[in-house]
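Before I ask anything, let me first share the structure, which is written out below as structure tokens.
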Ligand SMILES: *Cc1c(COP(=O)(O)O)cnc(C)c1O
């Protein structure tokens, strides 16, 4: 006798689990979550606390937020509204497309587009109420013709980066020029070269040049400080702070204890445990050889998930609070850990790659890069979870 047809498994719904926000619903869902790979958790309460802590560094200034590159890999769609609910009113993105995405989430906010006005793009900026950060005379003229003083924009002045913006003499030469008012310039900004190195004499030179520039535009507010600049002397803070990295937990003062709360947690499932004898090798090209008997764990996370391959043989993960070295070359989808000293390691268990004191700055260092690159490289393959 035939059994009745089994109920349609919930698993059939799962294609939409992948990179989106999820909450566990049932055991099939949990199994897929676990089998999926790595889990990224973004702590929005910590993010908001960091925004407030940055603002408290300069109570006379407004604290904005830089949310370019999908909010530093943390998810613009959740990060931007959380900051807006906390009272953030000015946002910065890099691209026009990011500005359009941000406008959908932030109907009221001032949204500045750092990379400026591409030729002919003025009407799109206007349609979405976006403010271009104008960096040369042509951009200024193009926006002035469209704005006629009614649509605000920022003026970018280059005080040392030689990257974007008018030179200091060119900016000073604009003082009193009617094009400034026609272009609706309500903010004058520049960017620090070495804000994370407080002893660098460039900071004081840029601060002095920028003070001369802002004095030439008495009707505009001024903005100079990124995350690390917010921790420098008063001369860098001005009217509007532009932190990005530190909102997401990055240390604004490298070498000192990190004053920010961690925002990102990255965990991977342990797929297998094995023991090997002295002389055994692991991974591609056999880059690691066991010096004695060892217990290894294979994690469901690799460089295709955004974990940098350059951390091969140098990075660590935590299992049950024990720091376990990454062995050999990191694979596309897998990492091998030495868990000999981590008795908690078991199949189906969890390894923490970012979190519990293992911060993004440390991971960046292990990969020969900076925490910024770790954050912005965070993969789209993770199950992402935002907690309030
Ligand atoms: C990215 C960026 C910022 C934010 O810098 P953080 O170091 O991430 O705080 C501020 N201003 C400009 C012009 C930027 O490009």
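Keep in mind that glycine also has a Cβ here, set from the backbone N, Cα and C atoms.
What TrEMBL shows for this protein is this:
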- 1-28: region 'Disordered' (REGION)
- 68: active site, proton acceptor (ACT_SITE)
- 68: N6-(pyridoxal phosphate)lysine (MOD_RES)
- 163, 332: substrate binding site (BINDING)
- 263-387: domain 'Alanine racemase C-terminal' (DOMAIN)
- 284: active site, proton acceptor (ACT_SITE)
Return one of helix, strand or coil for residue 284 (active site, proton acceptor), based on DSSP.
helix
Among the recorded positions listed here (163, 284, 332), which has the Cα closest to the Cα of residue 68 (active site, proton acceptor)?
163
Inside 10 Å of the Cβ of residue 163 (substrate binding site), count up the other Cβ atoms and send me the figure.
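Around residue 163 (substrate binding site), other Cβ atoms within 10 Å: 10.
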Across the domain 'Alanine racemase C-terminal' (263-387), what does the mean pLDDT come to, as a whole number?
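Mean pLDDT for the domain 'Alanine racemase C-terminal' (263-387): 96.
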Show which residues of the chain containing residue 332 (substrate binding site), separated from it by at least 6 in sequence, have their CB under 8 Å from its CB.
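Set apart from residue 332 (substrate binding site) by at least 6 residues yet with Cβ under 8 Å, we have 302, 303, 304.
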For residue 284 (active site, proton acceptor), what residues in its own chain, 6 or more apart in sequence, show a Cβ-Cβ distance under 8 Å?
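Listed in sequence order: 328, 329, 331.
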In the domain 'Alanine racemase C-terminal' (263-387), how many residues does DSSP call helix, how many strand, and how many coil?
22 helix, 49 strand, 54 coil
Could you say whether, by DSSP, residue 68 (active site, proton acceptor) belongs to a helix, a strand or a coil region?
helix
